[in-house]
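Student: Quick one: structure below, then a few questions.
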Amino acid sequence: MKRLRPHKPLHHLTPKTLTTAADPFREHPSHHRLSAIATKDSLLKSYTVAPPIKPWPLRLHPKRLVSMIKLQQNLDLALQIFHHAANFHPGFSHNYDTYHAIIEKLARARAFDAMETLMSDLRRSAIKCGENLFVTVIRNYGMASRPKSAIRTFVRVRDFGVDRSVRSFNTLLNALIQNKKFDLVHFLFKNCREKFGIVPNVFTCNILIKALCKKNDLEGAIRVLDEMPAMGMVANVVTYTTVLGGYCWRGDMEGARKVFDEILDRGWVPDATTYTVLMDGYCKQGRLMDAVRVMDDMEENGVDANDVTYGVMIEAFCKEKKCGEAMNLLGDMLEKKYVPSSSLCCKVIDVLCEGGKVEEACDLWKKLLRKNCTPDNAISSALIYWLCKKGKVREARKLFDEFEKGSIPSILTYNTLIEGMCEKGELQEAGRLWDDMVEKGCVPNVFTYNMLINGFCKAGKASEGIRILEEMLEKECCPNKFTYSLLIEGLHRSGKKDDVLKVLKMSTSRGKQLLDVGYWEVFVTNVDGISESWRPALESVLTNTAV
């Protein structure tokens, strides 16, 4: 047998032996190419990273990148574009404008974590910033109900090498008002010179007056108004309009009218906002005719109504059930290219249909389409509800089909039409619509199931309701007490006592008592043969309800 020779220990290797051993990394051809790369641009040229969008421009400058970021609807993709430009586009460097564009996009989308990461990157960079960036961030923190973050952003402006001005300070005060921090507005105003070196201007005073009026400290607001000349400021129409709004908020329309007359006495021309605030005050007091007179004066003085003006008056007419006047004003609004809100359109539809003018409501829906104001789910659901309520289920289905061509119906719209079909006894149509809803990826909720169960029970097919309940549980849609109550009532009317017992067992299977005492009494008094295992549960339920 051949003897194996032992390996020599490592210390027997001479230095010469070690140096002559081949290095596989150095021998590989790619080593010579990589070792020759001296700069980042050279490295980037050595390999290719796929850009996030195609076509990616061959020549990229900051202005072009800003445009790409602003046009991008997908937020993640916008971030990828921003990072790809700096990391993989040869010779490109970000500047203040590119950072501002992506930070503004993130702030508006409430993606504050990603935004703060970029803010930190910007602070560490040598890029010179402008105050506009912080105005954008503060404003969006205010709108997102994050006043502490807005304050923190204002305080750290100087960390970026930027001087704070009255503009960012005013933005902060408005953000605090949005979040009802009225006392803090007053505190910051009193300390703005000493703490921040900021000299307030007339806009700052107007914001303070607004905060005091919203706090219902009208007397304090008037004191600020009186002190403005001593601060070297001249009040303007906005100042007086804010005070006027304070009187309206209190319901003191005589005081509001005096302020309005003072505006006229000073030779100023009230704008649409001033007129609208006064009109809104009268409407809230139920003095619709006074509001109409103010609107007439507004037109006579050559001041055009804006969308807020129309909204105030249309709502007031709807509240008074004056559908004709509401329709006329809505028509004027559309003619002037204003887009009415969904809630405003729903109110007009409701008042028309309550007055029996369902056809006119349908005409309004079509008019909105012609004016490129595509009716949303809420408007369509309101109209479908009224058509079904008036027994016009076929017309409701036609409207639904027309709406579906341009939009994706919500669960609310589906539920409204399914309910109408079930009420009319058209269960097959309701089933087909159900299938259509599921196909479109719209998940039924407990209200949808309850409507179908109710429909089958009314049609004398309560047993079908049990099948729906079983499917509901299978789909993990949690029933509520109305689900079980509807079924028990329907089954009890049909004399199906065994099925009642089955439903009651299902109602307690999840460990919750979802039925009112009345339905348990129906069970106790009408169902024979209660097993001993049920008696403790029944006694507990009845005892707890009685207590």
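Each residue, glycine too, has its Cβ placed from N, Cα and C.
Below are the features I grabbed from TrEMBL:
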- 1-24: region 'Disordered' (REGION)
- 1-14: compositional bias 'Basic residues' (COMPBIAS)
- 201-235: repeat 'PPR' (REPEAT)
- 236-270: repeat 'PPR' (REPEAT)
- 271-305: repeat 'PPR' (REPEAT)
- 306-340: repeat 'PPR' (REPEAT)
- 341-375: repeat 'PPR' (REPEAT)
- 410-444: repeat 'PPR' (REPEAT)
- 445-479: repeat 'PPR' (REPEAT)
- 480-514: repeat 'PPR' (REPEAT)
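Help me see these features in their spatial surroundings.
Tutor: Sequence-remote contacts of a segment are chain residues at least 6 beyond its ends whose Cβ falls under 8 Å from one of its Cβ atoms, and for the repeat 'PPR' (201-235) they are 166, 169-170, 173-174, 176-177, 180, 182-183, 185-186, 189, 192, 242-243, 245-247, 249-250.
Among residues of the same chain six or more beyond the repeat 'PPR' (236-270), those with a C-beta under 8 A of the stretch's C-beta atoms are 202, 205-206, 209-210, 212-214, 216, 218, 221-222, 225, 228, 277-278, 280-282, 284-285, 287, 290, 301, 303.
Residues 237-238, 240-241, 244-245, 247-249, 251, 253, 256-257, 260, 263, 312-313, 315-317, 319-320, 332, 336 of the same chain lie 6 or more positions beyond the ends of the repeat 'PPR' (271-305) yet place their CB under 8 Å from a CB of it.
Here the repeat 'PPR' (306-340) has Cβ contacts under 8 Å with residues 272-273, 275-276, 279-280, 283, 288, 291-292, 295, 298, 347-348, 350-352, 354-355, 357, 360, 364, 367-368, 371, 373 of the same chain, all six or more residues outside its ends.
Beyond its flanks by at least six residues, the repeat 'PPR' (341-375) meets 311, 314-315, 317-318, 321-323, 326-327, 330-331, 334, 382-383, 386-387, 389-390, 392, 395, 399, 403, 406-407 of its own chain at Cβ-Cβ distances under 8 Å.
Taken together, the residues of the repeat 'PPR' (410-444) have an average pLDDT of 88.
Sequence-distant contacts of the repeat 'PPR' (445-479), counting only residues of its own chain at least 6 positions beyond either end whose CB sits under 8 Å from a CB of the stretch, comprise 411, 414-415, 418-419, 421-423, 425, 427, 430-431, 434, 437, 486-487, 489-491, 493-494, 496, 499, 502-503, 506-507, 510, 514.
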